[in-house]
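Scroll down for the structure; my scribbles are underneath it.
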Amino acid sequence: MLVNAKEMLDLAYENGYAIGHFNTNNLEWTKAILLAAEAKKTAVIISSSEGAAKYMGGFKTVANLVKNLHDALGITVPVAIHLDHGTYEGAKACIEAGYTSVMFDGSHFPIEENLEKTKEIVRLAHEKGISVEGEVGGIGGEEDGVASAGELADVEECKNLAACGIDFLAAGIGNIHGVYPADWQGLNFDRLKEISEAVKMPLVLHGGTGIPDDQIKKAISLGVSKINVNTECQIAFAKATREYIEEGKDQQGKGFDPRKLLLPGTNAVQALVEEKMDMFGCENSAK
Ligand code: 13P
């Protein structure tokens with residue numbers, strides 16, 4: 001059975017580690033993430049953006065894929081299927097489609113509108129036992145073609161959004177999606193500390209790709225309990241697939257069989273996810 005993300009994140013928050021959030025794109029990705037979580041004995045959050053869900057055939061397809069693979073693979077650790085950076089309409093649709101957790105990203109709306117819409121999503125989600133992530137302060141970079149500059153979330157706004165009943169909060173602290181530029185200033189720990197003290201709830205760090213380990217660990221010590229990683233998995237998948245083809249393996253025997261062709265990439269995603277779980281300190285947390 002899939003679960004919501006509240007309990008696993010509350011546990012992480014209380015015990016000083018973070019749960020990994022990994023975006024899925026297809027069957028192989030989903031399998032890799034589930035098998036990594038089972039191998040590392042940790043809860044995990046599998047998410048789809050709205051764009052990835054559209055690519056995969058809609059929210060129901062994604063929810064059923066994760067649920068059915070979870071059952072077929074005999075996964076015993078807690079798994080949540082989460083909507084990443086949801087719109088108002090998208091979050092509502094996922095609440096109906098079988099997701100166990102949704103993010104409503106109203107960070108681009110004026111704060112009053114963000115608060116109002118977040119409250120409504122919380123009401124609809126909580127009625128069904130679904131957890132909710134809210135966001136204040138845009139995360140920079142590009143997500144599904146929507147670009148925003150990295151921001152530092154306003155502490156009062158964080159407090160007001162937390163009071164809407166969300167279960168965990170994504171707040172901009174200088175993090176951005178995708179590969180960090182060479183002149184990136186790093187995470188703003190002063191702001192993270194202020195936000196953490198003000199809201200006292202699990203915080204979410206988006207843009208996990210390429211943040212140095214020591215900054216990740218410091219962020220966890222200051223209340224970050226969920227870390228989102230996407231781009232790094234895509235790069236690992238592409239690299240392993242490229243090597244397979246460059247070595248001519250697709251032209252040997254039945255190496256062109258998609259089950260063979262996609263295997264090195266899938267294994268690379270699983271290995272990376274396991275590595276991240278070790279670094280986030282969540283391994284063996286679901287024993
Ligand atoms: P990266 O693609 O930078 O790892 O960010 C992932 C993310 O934050 C998804 O919400």
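Glycine residues also receive a Cβ, built from the backbone N, Cα and C atoms like all the rest.
In this structure, ASP84 (active site, proton donor) is part of a beta strand by DSSP. The active site, proton donor annotation in TrEMBL covers ASP84.
If you look up TrEMBL, you'll see HIS85, HIS177, HIS206 marked as Zn(2+) 1 binding site. Secondary structure at HIS177 (Zn(2+) 1 binding site), taken from DSSP and collapsed to helix, strand or coil, is coil.
For ASP105 (Zn(2+) 2 binding site), the same-chain residues 6+ apart in sequence whose C-beta sits under 8 angstroms from its C-beta are HIS85, GLY86, THR87, GLU135, ALA170. What TrEMBL records for ASP105, GLU135 is Zn(2+) 2 binding site.
For GLY178, GLY207, GLY208, THR209, ASN228, VAL229, ASN230, THR231, the entry in TrEMBL reads dihydroxyacetone phosphate binding site. Applying an 8 A CB threshold to same-chain residues 6+ apart, the list for VAL229 (dihydroxyacetone phosphate binding site) reads GLY20, HIS21, PHE22, ASN23, GLY208, THR209, VAL273, LYS276.
Of the listed binding-site residues THR209, ASN228, ASN230, THR231, the Cβ environment within 10 Å is emptiest of other Cβ atoms at THR231.
With a cut-off of 6 Å between Cβ and the nearest atom of ligand 1, the binding-site residues GLU135, THR209, ASN230 reduce to THR209, ASN230. For ASN228 (dihydroxyacetone phosphate binding site), the nearest neighbour among the listed recorded positions (ASP84, HIS177, HIS206), judged by C-alpha distance, is HIS206.
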